Amino acid sequence: MNTFGSKLRLTTFGESHGKAIGGVLDGFPAGVAIDEEFLQSEMDKRKPGGKYATSRKEADEVEILSGIFEGFSTGTPIGFIIKNSNQHSKDYDSIKDLFRPGHADFTYFSKFGVRDHRGGGRSSARETAVRVAAGAFGAMMLKEFDIDIKSGVFSIGKLKSNKIDFEFASKSEIFMLDSDIEEDAKNLILDVKNSNDSVGAATLTIINGVPAGLGEVLYDKLDARLAAAMMGINGVKGVEIGLGSQASFILGSQNNDFMDKNGFMSNNAGGILGGISNGEPIMIKTYFKPTPSIFKDQPTINLNGDEVTCALRGRHDPCIGIRGSVVANAMARLVISDMLLLNASSKLSNLKKIYS
């Protein structure tokens with residue numbers, strides 16, 4: 001599906017080497033002040049270019065087509081496009097008839113019987129620029145509720161952060177949360193890039209200001225929706241909320257978040273219990289695999305099933321988790337915005353405040 005969300009729905013379209021990518025954000029409430037400078041600043045965080053990312057240079061300027069009037073949202077669908085301008089489609093001519101290892105080439109072809117080989121087409125992470133734009137609109141809405149979402153890179157390869165500093169991450173070229181390992185992480189990225197390889201990463205997203213009681217029960221739990229949002233990002237192979245997998249190795253007496261008159265005494269649950277927020281910061285770790293596009297000869301097969309060698313050209317990120325941290329932030333914004341709108345009808349008192 002190309003649509004995400006329940007009450008707040010984002011539909012995206014476009015391919016990596018098409019004329020443009022874009023989205024329609026439906027269900028966004030009227031009256032939200034739209035800050036286009038903030039929107040572009042968010043796009044610039046994800047924008048390609050630089051020695052730690054792909055050298056493909058795109059302006060990533062968002063052209064708003066509808067849903068905004070005199071600086072405020074109108075309540076109608078917000079339509080927008082982001083034009084592609086720096087495609088090098090010929091770089092992919094040599095692999096148009098074979099399946100790149102680690103990519104969605106084989107699975108897309110198995111499902112649809114056709115695929116756009118130019119930069120991965122629809123499966124390219126280029127599409128995530130649309131999510132970042134939509135997430136920026138979400139942030140403008142969340143600002144009205146004093147909900148703040150921060151993301152950064154927690155680990156690259158085997159280098160893990162021992163401290164969490166979002167202020168530093170906001171200034172870091174690679175959004176690294178720990179200043180003590182940033183230089184080593186940069187060197188690691190350049191080392192794998194220079195050896196025609198890639199490296200994985202993990203990001204940390206923390207959501208502050210979410211009141212207790214946000215989320216749905218059972219099949220639309222808040223943590224389930226957040227996990228689905230993160231797993232829908234290109235290259236993500238795992239998501240943890242709170243302690244995550246560590247909780248399976250400890251005792252209940254160690255995992256439970258006890259309470260006193262001041263509230264919770266710990267936050268192992270990561271801000272969510274029973275699929276509903278408990279008022280504590282929501283903590284999400286998202287794990288990205290190494291970029292599958294590497295410049296090493298790799299065995300694969302072609303459309304006829306013949307064994308061939310894949311020798312890639314083109315421009316690719318040596319570590320997709322870096323820009324992935326920006327996308328993770330955007331997806332969290334969309335989920336929380338959606339859940340706020342859904343929660344408005346969760347009890348009669350909420351409706352009375354609106355209609356009385």
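Backbone N, Cα and C atoms are what each Cβ position is placed from, and that goes for glycine too.
In Swiss-Prot this protein carries:
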BINDING   R46  NADP(+) binding site
BINDING   R122, S123, S124, N234, G235, G274, K289, P290, T291, P292, S293, R315  FMN binding site
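Everything Swiss-Prot records as a feature, shown here on the structure.
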{"residue": "R46", "record": "NADP(+) binding site", "Cβ contacts under 8 Å, 6 or more apart": "D60, T128, A129, V132, R323, V326, V327"}
{"residue": "R122", "record": "FMN binding site", "Cβ contacts under 8 Å, 6 or more apart": "G14, E15, S16, Y108, D116"}
{"residue": "S124", "record": "FMN binding site", "Cβ contacts under 8 Å, 6 or more apart": "E15, S16, N234"}
{"residue": "G235", "record": "FMN binding site", "Cβ contacts under 8 Å, 6 or more apart": "A125, F288, K289, T291, P292, I320, G321, G324"}
{"residue": "S293", "record": "FMN binding site", "Cβ contacts under 8 Å, 6 or more apart": "R100, G102, H103, S198, L312, G314, H316, D317"}
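A helical conformation is recorded for R46 (NADP(+) binding site) in the three-state DSSP classification. With a 10 A radius on its CB, K289 (FMN binding site) counts 17 other CB atoms from all the protein chains.
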